[in-house]
Amino acid sequence: MDQGAHCTAEMELLEAGSRITTFSTSPSDEGQNQPKAEIACQVRKESPENGDLQDFSASLSPNSSMTTKELQEYWRNEKRQRRQVKLLFEIPSTRIVEHHLSKYVMYKIIILQTGSFDSKKSVIERRYSDFEKLHRNLLEEFREEMEDVTFPKKCLTGNFTEEIINERKLAFKDYLRLLYSMKYIRKSKKFIDFLTRRELQEAYGCLRGGHYTKALEILLEVIGLQERLMRGNPVAIVPTLCAIVVCHKDLENPARAFEYGEEALSRLHVHTSHRYYIPLLETMITLAYELGKDFLSLQEKLEEWKAKKDPIRVFTLKELAVREYVQ
């Protein structure tokens, strides 16, 4: 192979390599604007011998028999999945609520995801006092990090004027953006609760009241936001997944219940001591039997767990679900 052809093949491979991982969520990505020749030069520095290129390419893929084209496509998919996910906060509108002797402004918050091909958005509403409570709670734990974070002050008069409302819309948008930019704050329970707890309380209230359709509607909205907020903690959304299982099961939709149950169970495969594990396993056995699916493997897992643990009282999945968010 002549030198030019070798260089071309090398650059094709390098485009697919996992070493090229400098991605951002904005269109002005430095890696995208970098010339291919420069990229090739960088990776040649990382790979001391050109003769090692073939071994390097084989190590990138789980299948060493992949063609160069297949390898490139494989790593394109990998990079899409690993692209950093960020959230954007927009407050496009408000509404004034008058309830008995109280009057307040509700701010509509739209939460958008960037860095992936998922265009689904989450929509919630919060009032000034909700933001104020969040700020106060965060200061208790993150006072040093919050040192330069400003919060819109209360006004004695004029709270319902268009000017004040528009100012606060912009202020709260910047406030959420700044909080989310701080790693420890965006992962904190207090921040996540601010964005999800109200809706979850409503959903579980509906579930306890037997209003499964309404509960399911809310839970399906919330779980998308939970997944975005808690990407590094997959077990955290297991209760919500299990509540969805309960709703689908009581609405006589076993196939959908089983689907969400499988997702929840996959998140607990190394967390068998989790309080939801055995109730979920028992429910999945029932659903699998009803659907004509393999329930013996699930039964084996249950028996294996029982053999290792002392007999204790275990709640059913529904009993656990109705206990969530009880005031």
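Using the three backbone atoms N, Cα and C, a Cβ is placed for every residue, glycine included.
Remember, TrEMBL labels are computer predictions, not curated facts.
Annotation comment: TrEMBL describes 17-64 as region 'Disordered'.
Here TrEMBL flags 19-35 as compositional bias 'Polar residues'.
The average pLDDT for the domain 'PX' (85-202) in the predicted structure is 91. Residues or ranges marked as domain 'PX' by TrEMBL: 85-202.
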Could you put numbers on the helix, strand and coil content of the domain 'PX' (85-202), residue by residue per DSSP?
53 helix, 33 strand, 32 coil
